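> Pasting the relevant annotations from Swiss-Prot:
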BINDING   Cys75, Cys111, Cys145  [4Fe-4S] cluster 1 binding site
BINDING   Cys221, Cys225, Cys228  [4Fe-4S] cluster 2 binding site
COMPBIAS  1-15  compositional bias 'Polar residues'
COMPBIAS  16-25  compositional bias 'Basic and acidic residues'
DOMAIN    66-184  domain 'MTTase N-terminal'
DOMAIN    207-437  domain 'Radical SAM core'
DOMAIN    440-503  domain 'TRAM'
REGION    1-26  region 'Disordered'
Amino acid sequence: MNEQQRLASQQVNSSTKKEEKDYSKYFESVYQPPSLKEAKKRGKEEVKIERDFGLPEEFRNFGTGRKFYIRTYGCQMNEHDTEVMAGIFTALGYEPTFSTEDADVVLLNTCAIRENAENKVFGELGHLKALKRRNPDLLIGVCGCMSQEESVVNKIMQKNQHVDMVFGTHNIHRLPYILKDAMFSKETVVEVWSKEGDVIENLPKVRRGDIKAWVNIMYGCDKFCTYCIVPYTRGKERSRRPEDIIQEIRHLAANGYKEITLLGQNVNAYGKDFEDIEYGLGDLMDELRKVDIARIRFTTSHPRDFDDHLIEVLGKGGNLVEHIHLPVQSGSTEMLKIMARKYSREHYLELVRKIKEAIPNAVLTTDIIVGFPNETDEQFEETMSLYREVGFDTAFTFIYSPREGTPAAKMKDNVPMEVKKERLQRLNALVNKLAIEKNDRYKGQIVEVLVDGESKNNPEVLAGYTRTNKLVNFVAPKSLIGQLVKVKVTDAKTWSLNGELVEEPIEVE
């Protein structure tokens, strides 16, 4: 959005909040509702790379003496966006707080993937209304994926007028300007860009810890699965340059980080938008094998883009872990076609075969949707049989949630909710059964564990994760937090392992 558009939007919002407003005029200037037809045209738009994020003089000490609070919903990408916003707040002079009561600014970084996630946000906005009454100077903001939906922003502006600012996923780097506008405006400041943003490098970050780190390698998704809102809320696929990614990871390694997770809505489409070089995720992973860091993993991958070169590189091992999250969504080819996943059951099983052949100790996890419109009993049984055939270690399972603006939301659905819930229960029973069977096989084995910190259930116990993302609890000195250690597994549960410390710490070669 350019300056002319911004001025136009401010003129549209010039009336008081108590007056009736024609919100459609506002959205004409800054926002476009989800449109499959229009979204698919976007590939022709140029994406620029901005390498220098800097704060103008007017923002020096802007937040001195003030505190911020960010509540994050949803995926790892949102977690990383929160780290960036925390970095910007800190650069402005704000201090973090863990209580909304102490905050001068409260941001809700939202998720739009399912209706339940949106309901949680509106519930929290209701709680914040009372806080705003007690503290009128408090600034409340809504950002993230929900902000990219026109219906959501309309609801906020009509029914949650205590919200001071709304901004989307493409203009996080403009947070200082949005804060300033919200601070001095009597109106709700809304800055939602329908065009996806450019790639902004060197944004400040306040990472949640000093052991593991998220690193974005790309943004957006061009797959347009019929049920998914992400291509609309996150924009088209845009890859960061490999040299920028490698430099960031080398810097993290030099600062003592032990594990990196490469992030992207469709991470293995990385590089497909490059016009000057042929370079994909397999090439990037091959270069990252040479970086002196203990572990590198990635999420989330799409089976359609999981190529043989990537499998070959992952098979080389080293710091590339053996855990692969590979969402299948359904085991029925007919359902997959309606979902527009662009692969079949047979293609997925062949991909799994190739992965297991190249990486014999690979651990696979997945995502599955049950109760997609008109899913038959036979199609659901195909999902159950595929789960058994692949032998997943675990899965994230969901009942289909319609998202406004997606093709699936317009489909007639003859599957009663009671049937959907029963299918989910049956699937979860299978997931739990296989999870404990898989974990039982670790009994007596010695595994490498990266120690995250104290167990959530017992501060006297340490907790960490294996290379295959298994949670391990064991008793050991707290001085080992952040270290790689050897643990012998003594007991297996559905979602975790218990063990005894064998050796500490492990030197990374």
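Using the three backbone atoms N, Cα and C, a Cβ is placed for every residue, glycine included.
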> Starting from the Cβ centroid of Cys221, Cys225, Cys228, the recorded [4Fe-4S] cluster 2 site, name every other residue in that chain with its Cβ within 8 Å, sequence order please.
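Neighbours found: Lys223, Phe224, Tyr227, Ile229, Val230, Pro231, Gln265, Asn266.
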> By the DSSP assignment reduced to helix, strand and coil, which category contains Cys145 ([4Fe-4S] cluster 1 binding site)?
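Note: Cys145 ([4Fe-4S] cluster 1 binding site) is helical by DSSP.
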> Cys75, Cys111, Cys221, Cys225, Cys228: which of these binding-site residues has the sparsest Cβ neighbourhood within 10 Å?
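If we count Cβ atoms within 10 Å for the binding-site residues Cys75, Cys111, Cys221, Cys225, Cys228, the smallest count is at Cys75.
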> Looking only at the domain 'MTTase N-terminal' (66-184), how are its residues distributed among DSSP helix, strand and coil?
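For the domain 'MTTase N-terminal' (66-184), the helix, strand and coil counts are 66 helix, 23 strand, 30 coil.
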> May I ask which of the binding-site residues Cys221, Cys225, Cys228 is closest to Cys111 ([4Fe-4S] cluster 1 binding site) if we compare their C-alpha atoms?
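Its closest listed neighbour, by Cα, is Cys228.
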> Using C-alpha atoms only, work out the spacing between Cys75 ([4Fe-4S] cluster 1 binding site) and Cys228 ([4Fe-4S] cluster 2 binding site) and round it to an integer in Å.
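The separation of the Cα atoms works out to 14 Å.
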> With a radius of 8 angstroms around the mean position of the C-beta atoms of Cys75, Cys111, Cys145, what other residues of the same chain does the [4Fe-4S] cluster 1 site pick up?
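What remains near the Cβ centre is Tyr73, Gly74, Met77, Asn78, Thr110, Ala112, Ile113, Ala117, Gly144, Val230, Thr233.
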